[in-house]
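Since the structure comes first, as structure tokens, the remarks are kept for the end.
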Amino acid sequence: MKTKHMVLTSLFFLITFICITFLSFYKEGFIFDEAIILWANTVNSPLLVQILETITKIGSSEIIVLLTLLIILVLIYKKDWFNSLFFLTLSFGGVFLNFLLKILFQRERPGDSSYIEVFNYSLEIVSYSFPSGHTMRSVILFIFVIYLSNLLFKTKPLRYLSYSVSLLVIFGVSLSRIVLDVHYFSDVIAAVSISIAWFCFCMYLFVKNANYFEKDQKSLQKEKQLS
């Protein structure tokens with residue numbers, strides 16, 4: 001993706017996020033929220049609910065941290081410092097961005113209130129609804145997986161398999177947050193929008209400065225050879 005396209009894509013999804021935010025907090029709120037909550041309340045299949053409860057755990061902070069560490073270790077093993085730094089910035093920046101937006105808007109959840117937990121330890125900080133943290137973490141992680149698949153997998157079947165699994169996880173986590181009555185529909189699509197905007201923005205910054213990074217890497221290699 002060219003840098004120009006990255007900027008345009010980031011701006012498009014940022015504007016989408018702003019529009020959703022405006023519609024969600026203006027007067028009676030986002031038009032589809034109540035209708036989708038009513039639909040979600042009709043989902044009473046124990047098996048489906050159990051499946052969604054399992055899927056939603058993929059977006060939990062514990063699972064995301066473990067998957068993030070695994071990817072970082074793989075990148076470090078391959079000495080891919082560029083993508084290691086890119087992924088760290090993307091991931092930790094995304095977590096901070098989500099926390100900042102939640103504190104800024106302080107939207108109550110449709111169901112019971114909850115608190116931020118890390119490995120079952122409560123931080124005693126209210127976890128607000130907008131935008132969905134599970135969705136943001138999942139989108140950021142699995143969009144990076146899609147990006148990484150283009151670099152690591154040489155065969156199309158493997159790449160397409162990675163794309164399909166990643167998109168299914170994103171869709172599954174997003175759907176589960178609505179059906180399990182922990183987020184509004186607007187929380188979820190806002191999370192998807194701002195996550196894509198953040199990914200494209202980070203990619204733009206890193207791709208734009210890739211030449212400087214490569215020069216630093218080459219100079220370090222030369223110093224090692226001379227020493």
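Each residue's number is its place along the chain shown, starting with 1.
Every residue gets a Cβ built from N, Cα and C, even glycine.
Just so you know, TrEMBL annotations are computer predictions that nobody has curated.
Non-local neighbours of the transmembrane segment (7-26) in the same chain are 1, 33, 105, 107, 130-131, 184, 186, 189-190, 193-194, 196-198, 200-201, 204; each lies 6+ residues outside the stretch with a CB under 8 Å from one of its CB atoms. Among the features that TrEMBL reports, transmembrane segment is placed at 7-26 (among others).
The annotation transmembrane segment is assigned in TrEMBL to 58-77 (among others).
Taken from TrEMBL, the feature transmembrane segment covers 84-105 (among others). Within the chain carrying the transmembrane segment (84-105), a Cβ under 8 angstroms from the stretch's Cβ atoms is held by residues 21, 25, 68, 71-72, 75-76, 127-131, 133, 136-137, 140-141, 144, 191, 194-195, 198-199, 202-203, 206, all 6 or more beyond its ends.
Residues or ranges marked as domain 'Phosphatidic acid phosphatase type 2/haloperoxidase' in TrEMBL: 84-203.
Residues or ranges marked as transmembrane segment by TrEMBL: 125-148 (among others).
Here TrEMBL flags 160-178 (among others) as transmembrane segment. Proximity of distant same-chain residues to the transmembrane segment (160-178), defined by a Cβ-Cβ separation under 8 Å and at least 6 residues beyond the stretch ends, is recorded for 36-37, 40, 52-53, 55-56, 58-59, 132, 134-135, 138-139, 142-143, 145-146, 149, 153, 184-185, 187-188, 191-192.
Long-range contacts of the transmembrane segment (184-207) within the same chain, counting only residues at least 6 positions beyond its ends with a Cβ under 8 Å from a Cβ of the stretch, are 1, 3, 6-7, 9-14, 16-17, 20-21, 23-24, 29-30, 32-33, 36-37, 82, 85-86, 89-90, 93-94, 97-98, 101, 107, 110, 129-133, 135-136, 139-140, 143-144, 147, 170, 174, 177-178, 213. Annotation source TrEMBL lists transmembrane segment at 184-207 (among others).
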Long-range Cβ neighbours of the transmembrane segment (58-77) (under 8 Å; 6 or more residues past either end): 83-84, 87-88, 91, 117-119, 133-135, 137-138, 141, 144-145, 148, 169, 172-173, 177
